[in-house]
Each structure stands twice: as C-alpha cells, then as structure tokens.
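I have placed the structure first, in the form of structure tokens, so that the comments after it can refer back to it.
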Amino acid sequence: MTLFFRMKHVRIPHLLLLFVFVHACFAQADFAPYFYDNGPYSYNGNLALFSLSEDTAVGTQIYRLNGTDPEGQEVRYGLSFDPGSKEYFRVDPKSGNITLVEKLDREKQDSIDVLVSITDGQSKVVERVTIFVMDANDEKPEFQNMPAIIDVLETTESGSSIYKVEAVDRDTGSGGSVTYYLQSAQSTLFAIDRHSGVLRVKSGEMLDYEKAKTHFVIVIAKDGGGSFNGKEQFMSSSATLTINVIDAQDTLPSFIGTPYFGYVYEISVPGSEIFTVEARDGDVGNPNPVRYSFDDGDDGVFSINKTSGCITLLTLPIYLKREIFNIKVRASEVSPEGRLMDYEVTTVVIRVVDLNNNPPTFYGEDGPQSTFELTMYEHPPEGEILRGLKITVNDSDQGANAKFNLRLIGPGRMLRVVPQTVLNEAQVTILVEDSAAMDYEKYHFLTYKLLAVEIDTPEKFSATADIVIHLLDTNDNAPKFSSDYYIARIPENSPGGSNVVTVTAFDPDSGPWGEVKYSIYGSGAELFLIKPDSGIIYTQPWASLDAEVRSKYNFYVKAEDTEGKYNLAEVFVTVLDLNDHSPAFYDNFLEKTMVIGAPVKIEAVDDDAEVPNNVIEYAIMKAEPENNIFDINADTGEIMLKSYIKSMAIIQNITKKRDCTWSLVVQARDRGHPSLTTTAVVKIDITEAIKSRFFSYFMGLRKRPGTVFGICLTIVSFAISLTVFISTVMYCSSLKKTRVQPQGKIRKIIRRPVP
C-alpha cells in the first residue's frame, strides 16, 4: 500500500522507469531447493526420524531422498558423514535412492548422523538428520560367571541354593530377556530357577560323595526370541558348572573282598596266619583309621591283630573241637581323639581241612599211565564212545581236596570228555563231538591233553595224560578239478592228434581211492580225445579243424575215482582262424557301364572266418588305354572317374579316341598275415549322364541272355493278350448291331386299314 501510495505522486515517466526496475529484480531472483518432509514412517523425503533394522542386508535400497526446486530446476542429492565416521550409506545423485553399503550392528552403534543435501546447481541446502538403528535378535546370551568350579558339602540340605548363574543378552525387548534351563541328564539331582538363575539341590535329593565325587552341570541360557531376517529366531548359549562334592563323616566302614574263608590244615602250628580281613572307612574323601576285634565265634583259639586284621591260630589243630568256625569280626572307625565310632561287622568262615598232599592220577589197565593211543577210521558217528580208550582217574585225598575237573585240550572241538567234575575216582569216557572235523586228509593223527585240575584247593594240584588217535582213511572225497572250466585255443588246420589243453583233478584220498581217471563227453566232443591218466585233451587223428566251418566247441570232462565218485568241468575250445583263403571276385572278367558322375562297384569275398583275415582292400593295378582317369575306394570297391572329368569331351581329348571303353586290372587284398591277393579284369563303358537308365540297363543285358529271353517272352505274351482282348471287344460290338428287335416295337409301326 505504501508503494502504491507513493506511486500516485510520481510522474508518468518516472513510473515507467520504476516498473522496469522492479521487473528486472524479480527476473534475476533464485529460490533455494528444499526437501519434502513426509514424516518418520515414510520411505521418501529428507530421512528425518527414519529408523532401520540392524539385520537389513547390505545392498538393500532403504530410502529415497525427495525434494523440489521452486523454479522447477533439476535437483541433485548428496549424502555425507562427519569426518572419521563410518560411511554406512550411498546415495544416487539423480534418483535420490539410498543404499546400505555397510553391515549394521545396533549393539555397537544404535544411531547414525547423516548430512543430506539438495542442490539445483546454484543453491544447496544441507540438513543433519539422525537414523536410528533398530534391534534384531542377533545376539546370544553371554554367561558372566560361567564356566565355574564350586565346592559343595555332601550334607547340603535338599532344596538349598548352591550357585547363582548370570547371563546377559545385549538385544532389547524379548530378545534381551534370558531364561535358564538344565540339560536333562543333570535335572534329576539339581534344579534351576528359570528367571533368577539360582541353582539348587532338587527337593527330595541329596548329594553323596561315595556315589559321585564330581557333577558336571550344563546350564542353557535362552533368550525370549525375536525377529531376524524376517523370521522369528530364538538364540541360546550353554556353559558347564563343575560341582565338587566335599566328603563328610557319614558312612560306615566297609569290608573289602567279602565273603571271607580261611583254612586250618593238619600241619598248621600255633601262630600260623589263617586269614587277613580288610576294611576301610566309607568316607574316602577324609577317611578315619579302622580297628579290628572279635565279636563272637572265636572260641578263644584264634586272635586278630587290631590294626592289620590278621587272624592267627593259637593252638594245635588236634585241639580244635569244631570243623567249621563262624567268627564275627568288627571293624570300628577311630576318631582323631582315639575314640571308637561307627563300626561294621562281617563273618569269617574258617574250615579245618585235611592236608591236600595227593594230586589226581590217570590209570590204564596196567596201572598209572600218561599216554593212551587208539586207531580208528575217520568220520566216526557223532556221539560214539571211543571204547578202545580204557582210562580211570583218581585222587586219594578226602573231601574237597579230592574234587577236581576234567578238561580235554586239543585241535577244535572234535571230542568231549565225561564226566567233567570228579570226586575221588571216575571212569573217563571220550565221546565224538564233531565227526566232520575228524578228517584223515587234514589230520593223520590227533593229539589231545587230558587235564585233571583240583577245584577247591589252594594248591590246585593237577595231572595230564596224552591221548593219541591214529586216523585211517576212507573214500570220502570226490576228485576236484583245479578249475570249474577250461578255455583252450587251437589253430585251424592243426594236424590230427594235436594237444589242445591239459585238465587236472586231485582226489585227496589215499591209495587207490586217490587215483583219478579222465573222460570226455558232450555234443562238442566228437573231434577230441583225452588221455585217461594224464588229462591231456587232443584232437582225433582224422580230425580237420576249420574255423570257417565251426570255430567254437564245448564239452564236459569227467574225473572219477575207483569207486565211481566223480566231478565235472566244462571245456571251451576256440578254433583260431588262419589266413588260408584268398579274396575271390564273382567273375574274373567283369563288364560295367559307367555314367559320368556316378561310380560303379565291384565286390570280392574272403571265406576266412575272422578279421583281419576277411577284410578286403581294393586297388587299381593297371588301366588301359590311360592310367590316370580312375580312382577306387579301397574299402568299398567303388570305381569312379577323377574329379576333374566332367564330360565325354574331356575323356576323348585325353585318349584322342571316340571309343570310351577301358580295361582295368583290379586287385583285392586281405589284411591277414601273410596277406593274400587276387585280381580281376574290369571292362568299363563310359557314357554321358543324359542317357537313360534304361539304356544302361539294356547295355548290361548283353551278358545275361536268360534275362533277355524272359523280356522277349513277356513282350510276345503281352501282344497276344492284347490281340485277343481287341478281337473279343469287336465281336461283342457286332452282336449288338445284328440283334432282332422285340415284337412290341413292331406293333407300334403297323397301320390300321381304312374302312
């Protein structure tokens, strides 16, 4: 309004000048670009109050800077960090797209200061914004006081607290909460509070040093779970708490090695040591010494050393009034002050026995004997008694001193002894246990040790006797070939009586039973013979082997012993092909007609049975009148003109003749060793390609008069048939023209007379 007021007092020329000045000022003004502020939950704008999860993958586009210029100029975006700060993001200047380029970790840095800028090329606006890094459940709980070793008294009361476990999870929210668990193996004796981590002896349970001196408790700390990479994730850690149980004086002494048995012998004297007992304090962690004494049953004839536990005899055995003494022995703990404490009682059984001064002895029919022999056939029936062995065993002592075991020691379990336990005396019986193992081919004789050992005596007196069994052979084996089949090769044309292969069979039986005779039979054996004694297979004297006729033979060979036991093997004979046939053409003089551009083929055959003897190679040995216009395929026998010959004119120019007939000498050679060859003369008539196949065909008929006769006969037959057909048609046509018309039609043309 002020400007307008003042302008009323200005003259018109001055007014025009002022208007031009103001317009020029506004034309030169430039306003700075600015960001859009879309709020904290937007993904485009100026990044104000933007937050980002720490598990965002590197390379993710997280935001787009968005702004404008009042004059509509194109704007460019920038992003920078304070000096020394880690650069987590990169911005595209044109699009404003911001990409994460470094891995985030909230536990190390929970916010990032960023300088964002926008410019239109003349003015630039810079804003400082803070990006907040949000937590993801990527941290495991960490134990603060584990692993650890603690000592706990075994008398600790049930339910008592023994340790407090502490673990910290650096995540926030539910991912930062920690609960505690025990692995199932330790949960029977200990329990842990899930929230506080207090470890206790489980209610109703007690520690026992004597059962377990150390416990290894594995504690698991688990977080409350949270999102990580778009999925719910729970994380846990484990650590071991070692609990050493401290022993307490709460266990009675215990005797070691019970039950206890001692013996008084007829030669014992006063002061003889009968037995020594041993006891130890059950509190092995801190044991007290033990003192021994009799409670009852010693009858005043025994004494015990109070510190060592050794029981001794006080009188001669003849004054003992009982055969068995049951003595009650007490073991008492002694406190450090010398006071007797807890005790345990056990029984020591002392038996008065006869002196064991006679070992077991083996007897034969004539008195004591240490070797027993028997001859028998191999493979006797199982359970059979070896009656040829007359053995008696005896121990002259009495009672337990005369009780002993019998054992038979030797190869395998072929034989068994009865009885196995003897008191004083018994007749020894040997039985067959494994008949198949008693094989003459393996053992000509068997040697066993018969052993008698006392059972209940300290001396363990024993005796041995040798049992020798001589086996006699039987024919229990059939001959066996060295192989189930034999493969032989023999060249064809081998003379009659040639050796083919030698077969071998072995019969382990002895004498005549081990002699082997050979024979052959089968559909392929007619050309072969075998020597019965040696097993040499050879060809019949008159046999002529030819691989082209038959190259494979197989038959059976039989090995038989004198009682007819036999075995079979199969023989495979291959007749080896020799190069004994030369290649042969179907005709030694061949005539062919060749059209320029097409080959003609000749063919030879070789009657040999195998390659390379029957593989043929072809070659042109000679050509008249000109040697250098033909090629031949060495494998197929195709003869063709050289590639430069395209017309008859070229051929006539080479030969200076109009007659285009060549005579070639072609050789067929096989690939055998030595190689065999044959030749044929091939007469070739060359014609232009415009001549029809019929011309070539008829040219070739000159050598096949039978075919020519057949063609002529066919033509004559066809001509006669055609003549008969035409004559028949003409005859039928003439009949139709001369046929009399019907009566009805005649009446139609008769006129009535006029009345």
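Here the Cβ of each residue, glycine as well, is placed from N, Cα and C on the backbone.
Keep in mind that TrEMBL annotations are predicted by a computer and have not been checked by a curator.
Summarising the annotation, TrEMBL assigns domain 'Cadherin' to 50-143 (among others).
Confidence across the domain 'Cadherin' (144-255), taken as the mean pLDDT and rounded to a whole number, stands at 86. Residues or ranges marked as domain 'Cadherin' by TrEMBL: 144-255 (among others).
Annotated domain 'Cadherin' per TrEMBL: 256-362 (among others), in sequence order.
The domain 'Cadherin' annotation in TrEMBL covers 368-481 (among others).
If you look up TrEMBL, you'll see 482-585 (among others) marked as domain 'Cadherin'. DSSP states for the domain 'Cadherin' (482-585), grouped as helix (H, G, I), strand (E, B) and coil, give 4 helix, 47 strand, 53 coil.
TrEMBL lists 582-698 (among others) with the feature domain 'Cadherin'.
Under the heading signal peptide, TrEMBL lists 1-27.
According to TrEMBL, the transmembrane segment annotation covers 708-732.
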Residue distribution over DSSP helix, strand and coil in the domain 'Cadherin' (368-481): 4 helix, 58 strand, 52 coil
Residues in the domain 'Cadherin' (144-255) grouped by DSSP into helix, strand and remaining coil: 7 helix, 53 strand, 52 coil
